[in-house]
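Just below is one structure, and these are the notes that go with it.
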């Protein structure tokens, strides 16, 4: 076969390297599936824990700022250190979650979506199409002030306006017994508006209907605000575009939406408040079969900046085997899709049809290989259960090699 004419990519992408087993497969993906085919300017940031520690986590902030500059980032899974990791790596500090830091700088909404393979059975067999879930990653319980109340007394909520104006006081509860618990949480109009814009942009790009779920019957003002802002944003900027694409936006009660989700066939974008999104994204991942088949894209309110990553962790258990020189069978599909989703966005921004075609062929190669029966151990286990034996699966590198061979065949077809 003649040497492949590399596809030129006009603008750079930001690459964020990561940790452990995912760092190992990341390099392999880059060397075998990306660099042989693309002429690409990569702005590289090492978000591996040792370098984050060395730079006092500045590298994480720099990588997020570069993302705002270049509009496309592709991220490998990273360790968020706990006490044990601080000891293991001899860290200067227990650094925060890089994903949290990046999310706060980009002010984005996280969208998760499963990768479907016909031969991998789903726990919810009715889900024949993907469901893309968007989680509002700001405020509510995650930025709340919660406290234990000891003894009797009044709990009040007070708002003191800046400058002129009267302060407002609400009596929340009168504790008469031995006390209890309390919680005060908030969100901002700006953040809800950004969430609405990102959700609508994602739905339009996919040409899928959009549902927002809240409990506005109980939280009439709090959740009512989400409902109202979404409706305003929809009417102002998206309604005509949605109608032209034959899709729609609808608000649903969270309990109705969960029931609908379970009996639906899929094929829509589900916008969730922070806590609901935290819970329901794991419900979807399990229902579709595997976190190893879950993509995650952070979409910014500017409509042009995204960061793509795998929805899973750094696969420490496999890395320990790899460190000892043992054979691993780690699923690289979600990490490959981080590259394809990021590059597909680059292609759309640059109007690069060849690059877009390449990303579609790489995704099809991954799915094609699995559907032809070549897969890693985690997927083979879903298929074969207790009857699983070594001939049913490929090891980490064999799988990436199989995808590379399939990709080359599709590109030369």
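Glycine is no exception: its Cβ is also placed from the backbone N, Cα and C atoms.
As recorded in Swiss-Prot:
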| type | residues | note |
| --- | --- | --- |
| BINDING | 78, 79, 80, 85, 263, 313, 314, 315, 316, 317, 318, 331 | NADP(+) binding site |
| BINDING | 80, 97, 98, 99, 100, 101, 102, 103, 112, 135, 215 | substrate binding site |
| SITE | 142 | site 'Critical for catalysis' |
| SITE | 215 | site 'Critical for catalysis' |
| BINDING | 255, 278, 282 | Mn(2+) binding site |
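Structure with Swiss-Prot features highlighted.
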residue	record	DSSP (3 states)
78	NADP(+) binding site	coil
98	substrate binding site	helix
142	site 'Critical for catalysis'	helix
215	substrate binding site	coil
255	Mn(2+) binding site	helix
263	NADP(+) binding site	helix
278	Mn(2+) binding site	helix
314	NADP(+) binding site	coil
Query raised in the report: Just going by other Cβ atoms within 10 Å, which of the binding-site residues 98, 215, 255, 278, 314 has the emptiest spot?
Result: 255
Query - Distance, residue 278 (Mn(2+) binding site) to residue 215 (substrate binding site) (CA atoms, angstrom) - result: 16
Report task. Among the binding-site residues 80, 100, 112, 263, 314, 316, report those whose Cα falls within 10 Å of that of residue 142 (site 'Critical for catalysis'); none is a fine answer. Result -> none
Report summary line: CA pair residue 102 (substrate binding site) / residue 263 (NADP(+) binding site), Å rounded to integer, equals 35
Query raised in the report: Here are some binding-site residues: 78, 80. Which one has the most Cβ atoms within 10 Å of its Cβ?
Result: 78
Requested in this report: Determine, using Cα-Cα distances only, which of these binding-site residues is closest to residue 318 (NADP(+) binding site): 255, 278, 282.
Outcome: 282
Requested in this report: State the count of C-beta atoms found within 10 angstroms of the C-beta of residue 102 (substrate binding site), not counting that atom itself.
Outcome: 24
Report task. Please report how many Å separate the Cα atom of residue 98 (substrate binding site) from that of residue 80 (NADP(+) binding site), as a whole number. Result -> 7
Query raised in the report: Among the binding-site residues listed here, 112, 263, 318, whose Cβ has the fewest other Cβ atoms inside 10 Å?
Result: 263
Report summary line: argmin Cα dist to residue 112 (substrate binding site) over the binding-site residues 263, 282, 314 returns 282
